[in-house]
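Visitor: Handing you a structure now.
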Amino acid sequence: MLIILLIRGITLPGAYEGIIYYLKPDLSRLKDPQVWMDAGTQIFFSFAICQGCLTALGSYNKYHNNCYRDCIALCFLNSATSFVAGFVVFSILGFMSQEQAVPISEVAESGPGLAFIAFPKAVTMMPLSQLWSCLFFIMLIFLGLDSQFVCVECLVTASVDMFPRQLRRSGRRELLILAISVLCYLIGLLLVTEGGMYIFQLFDYYASSGICLLFLAMSEVICISWVYGADRFYDNIEDMIGYRPWPLVKISWLFLTPGLCLATFFFSLSKYTPLKYNNIYVYPTWGYSIGWFLGLSSMLCVPLFIIITLLKTQGSFKKRLRQLITPDPSLPQPKQHLYLDGGTSQDCGLSPVKEGLIVGEKETHL
């Protein structure tokens, strides 16, 4: 469907101007920190980072699945699809700009309404426009359902892993899926009311992007790279795929990703502006309170879990903290380094030729 819309879009009058507007960079905008912040949050949202979806789906892979290759392929495919979709949108916006005799920047506002302005406009200009309109909106429905499948599976997988004794019994998982689906359906009813778009903007602005995702990303990468250990995690990946990934990946875990997330997070807080619907409507105070409640409901889980776990652990504060940040000894442990002369890491200081993990039969599911 995207290819069909692309072919139709580039054949419209004014499409060339729209594509030039899309491809011609404005280098002066690189000085604006807001541009970098928006780009970062868009990447998080586009790849569903820190939403649990990728982790839940990846947990069903075989242990020796090449996750490194899959990550690289996912990045290229996602970016390529977004790039092609940009041609479709701006070719149509160029046509609409010529028809309405207004600048492209004023044709349509960015956001959820864009899919219901630019794409339907192209569909109506095709032969058998009624047929293509039906197919287009059916595609939108399927895209929404597909996203819902992944999100529900994420909640179900996390719940079953947290409470295996209660939820891994016969029929319990199906009942959990039913309960989550019904709850999501009831919440979704609010979004199809006359004021549903106002509620949707609150969800989108406060809960599912921006500050919330940056905080979770920062917490996750610090936990993996500094608490669990980047070297240990590197060894885990080597044991699964058979070779060590590019060294820059580990450097990114340790320094680049935490630093960028931290800088973007604090910049987002310093430049925070309350949400305005269509840059006009100002929400009441209780509306902003609901928005912050949605965002904090996810972010506060991290410090609350740390505090509760510290209180449940015995010993002095220093002892409890050291115990909690030490990886469980039952996890796969790195093997001793093997050297060219047959010695181990205790015997000599030469560079290792091979590293690996000793993983027992019961330890193959991380």
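Cβ coordinates are placed from backbone N, Cα and C, and glycine is handled just like the others.
What you are looking at is a predicted structure, and each value in this text was computed from that prediction instead of being measured.
Pulled these from TrEMBL:
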BINDING   S46, N78, L143, D146, S147  Na(+) binding site
TRANSMEM  41-60  transmembrane segment
TRANSMEM  72-96  transmembrane segment
TRANSMEM  175-200  transmembrane segment
TRANSMEM  206-230  transmembrane segment
TRANSMEM  251-270  transmembrane segment
TRANSMEM  290-311  transmembrane segment
Visitor: Between the transmembrane segment (72-96) and the transmembrane segment (290-311), are there three or more CB pairs that fall under 8 A, provided the residues in each pair are separated by 6 or more in sequence?
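Guide: Not in contact, no.
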Visitor: Give the sequence-ordered set of same-chain residues, not counting S46, N78, L143, D146, S147, with Cβ within 8 Å of the centre of the Cβ atoms defining the Na(+) site.
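Guide: After dropping the recorded site residues, what remains is A48.
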Visitor: Does DSSP put D146 (Na(+) binding site) in a helix, in a strand, or in coil?
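Guide: In the DSSP reduction, D146 (Na(+) binding site) maps to helix.
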Visitor: If you draw a 10 Å sphere around the Cβ of S147 (Na(+) binding site), how many other Cβ atoms fall inside it, taking every protein chain shown into account?
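Guide: Its Cβ has 12 other Cβ atoms within 10 Å.
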